[in-house]
Amino acid sequence: MKVAVLGAGAWGTALAGHLAARHDTLLWARDAALIAGLQARHENSRYLDGIALPDALRYDADLGVALAHGAADDALCVIAAPVAGLRTLCHAMRDAGCVPAHIVWVCKGFEADTHLLPHQVIAAELPGQQSNGVLSGPSFAREVGQSLPVALTVASTSAGCRERTLAAFHHGAMRIYTGDDVVGVEVGGAVKNVLAIATGISDGLGLGLNARAALITRGLAEMSRLGVALGGRAETFTGLTGLGDLILTATGDLSRNRTVGLQLAAGRTLNDILGALGHVAEGVRCAQAVLALARAQSIEMPIAEAVCGVLFDGIAPRDAVSGLLRRDARAE
């Protein structure tokens, strides 16, 4: 199978390395200098340093070349750009006049200005594209790059997309499950990043494991309420892309969103934290969208609201936690 991976950040690079072990894989990025470095060293020293990439993996900075590769009869196109760049990439794909027949995206979050999920952006920008879906689940790029075990879910209303994604990714240490709840999978992948900031704050303040467990459990309830209101199914949020991804992102030391929370609790400013990370922390980008959607649906999401207060309203982390503890008692 031919596979084109659009986006050479940490996640796109790790997935391309996995795919290249079994398929004819091409990794694209618009940054020619990044591509030149990949071609010379077979390592993404900018985003995934120390991980050797397969010799068979190919690289190109020409989007037309990548799209032609991913549009072959027996091919799959993987969109690994962040949500913030998804619409622009779709524009470029449409302008290139070569939209692959089968597309799966791996980005997580809501579009900041519109509060749309990735599938809604793709439907608006690539209206004729019918075989598409989302691949998501509890996964750190570095561990995938190291070929450590991982389980992900592909969700699509197209059986052809599910089957092609399964055929592409299900090998080696990667196990793929299938489903059709695109909205539920996307909401889980977006909201868990916001909740991971909350657990990072709690852990950074030294509030203990009991508090962490409470935040994860009550955060899952918030995720599920919003997801169901937006059209997802409740059972999706207890699976890999909901609870599984939340546990990993909220507790794993490789989590950028958890790191943001830890650093906020230590008294660092958000600008300083993001500057030092050098990578995207999607929980920061989509926190306001999550809260806006919750309010539009008349849904209470007190943990997400507390995170927004710390990120954008100048509320001290300890005061935000105190506010959560002062909430009225109620039935679970």
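Placed from the backbone N, Cα and C atoms, the Cβ positions cover glycine too.
Look at Swiss-Prot and you will find Lys192 tagged as active site, proton acceptor. Positions annotated as NADPH binding site by Swiss-Prot: Trp11, Arg30, Lys108, Ala141, Arg256, Val280, Glu282. The annotation sn-glycerol 3-phosphate binding site is assigned in Swiss-Prot to Lys108, Gly137, Ser139, Lys192, Asp245, Ser255, Arg256, Asn257 on the grounds of sequence analysis.
Features as recorded by Swiss-Prot, highlighted on the structure.
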residue: Trp11; record: NADPH binding site; Cβ contacts under 8 Å, 6 or more apart: Ala80, Val106, Ala141, Val144
residue: Arg30; record: NADPH binding site; Cβ contacts under 8 Å, 6 or more apart: Ala61, Leu63
residue: Gly137; record: sn-glycerol 3-phosphate binding site; Cβ contacts under 8 Å, 6 or more apart: Val150, Ala151, Leu152, Thr153, Leu240, Thr241, Gly244, Asp245
residue: Ser139; record: sn-glycerol 3-phosphate binding site; Cβ contacts under 8 Å, 6 or more apart: Val150, Leu152, Asp245, Leu248
residue: Ser255; record: sn-glycerol 3-phosphate binding site; Cβ contacts under 8 Å, 6 or more apart: Phe140, Ala196, Gly200, Leu248, Thr249
residue: Arg256; record: NADPH binding site; Cβ contacts under 8 Å, 6 or more apart: Leu277, His279, Val280, Ala281
residue: Asn257; record: sn-glycerol 3-phosphate binding site; Cβ contacts under 8 Å, 6 or more apart: Asn193, Val194, Ala196, Ile197, Gly200, Thr249, Ala281, Glu282, Gly283, Val284
Which of the three DSSP states, helix, strand or coil, fits Lys108 (NADPH binding site)?
coil
Other C-beta atoms that fall within 10 angstroms of the C-beta of Ala141 (NADPH binding site):
22
Round to the nearest Å and give the CA-to-CA distance linking the residue listed as 'active site, proton acceptor' with Lys108 (NADPH binding site).
10
Recorded sn-glycerol 3-phosphate site residues Lys108, Gly137, Ser139, Lys192, Asp245, Ser255, Arg256, Asn257, farthest C-alpha pair in Å:
16
Cβ-based isolation winner (fewest other Cβ atoms within 10 Å) among the binding-site residues Asp245, Glu282:
Glu282
Where's the emptiest Cβ shell within 10 Å among the recorded positions Lys108, Lys192?
Lys108
Determine the Cβ neighbour count for Val280 (NADPH binding site): the number of other Cβ atoms within 10 Å of its Cβ.
22
